[in-house]
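Structure, as structure tokens:
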Amino acid sequence: MITVIPLAIMIVIFGYLVYQVNDLSVKLNAALEQDSLSLKTKTRENSSLLEVEENNSNNGTIDNSISEQLMLNNVSSETSSESQESGIDNGGQNADAGASPYIVIHDALIPDPSSILSVIIRTAIIATLVFVIVKWLGGKGIGQLSPFGLLIVVGLGSAIGDPMIYKEISIPQAMAAVIIAVIFFKVIDYLTLKSRRFRESIEPKPILLVEHGSIVNEGLKRAKMDMAEFEAEMRLSGLENAREIKYARLESNGKISFIINKKTTSDGN
């Protein structure tokens, strides 16, 4: 019951924010429709006046009142457009002039409370989705993933992190991207387990680095590894010399597996 109450509060807050956004979009659409309607009305008036003037000119009689009306409409439209442009320019200049360092620092450190609330709600929803995904994917670590699976995990990190901050990416869009990527990952994982041919086609084959105590230089080149890196891997595994190794391979998960030469270890003992 204790965990249900915060979840219900979050859902109510999220629903309220969605309602406010929808209300704002409806008002903006209504204002745009009204502006377009007024523009269409003025255009029709001008076209009708032009038709009347053309008819009168063909007959040799031009109505001065109609011409004056046309001129007034044109002047008013030009004046309104110029005033809008000057208002935009003045607004931009005022915004540039008012963008003092204090305002910039204030906006950076003390943002709008509604934006903070939006980030909190987005983070809570995405974190819940991540928890469900982790439980569904199982206990595979990063070291156990294939290169293909690792790329999917990196892509999931971007798809999960961006919606927490950027308002341009909605929660349903992020959820759809994450769910599709996870389903794709599970399908690839299932095919990898069930089909050896499919697994060999998407996962790199192990590269032989040491064979019976002798380092395979061609294998080091294929693995893009120099001798210093290989010796460091040997020391991390408790080995001092390549003669102690029977086989060493670079596995598909990026780790090096060592098979110790039993004869060398028994001689050392």
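Placement of Cβ uses the backbone N, Cα and C atoms for every residue, glycine included.
Marked as transmembrane segment by TrEMBL: 5-22 (among others).
The annotation transmembrane segment is assigned in TrEMBL to 116-138 (among others).
The transmembrane segment feature in TrEMBL is assigned to 145-165 (among others).
Counting same-chain residues at least six beyond the ends of the transmembrane segment (171-191), those with a Cβ under 8 angstroms from any Cβ of the stretch are 122, 125-126, 129, 133, 136-137, 148-149, 152-153, 155-156, 159-160, 162-163, 198-199, 202. The annotation transmembrane segment is assigned in TrEMBL to 171-191 (among others).
Annotation source TrEMBL lists domain 'YetF C-terminal' at 194-263. Regional average pLDDT for the domain 'YetF C-terminal' (194-263) in the model is 85.
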DSSP-derived helix, strand and coil totals, residue by residue, for the domain 'YetF C-terminal' (194-263): 29 helix, 18 strand, 23 coil
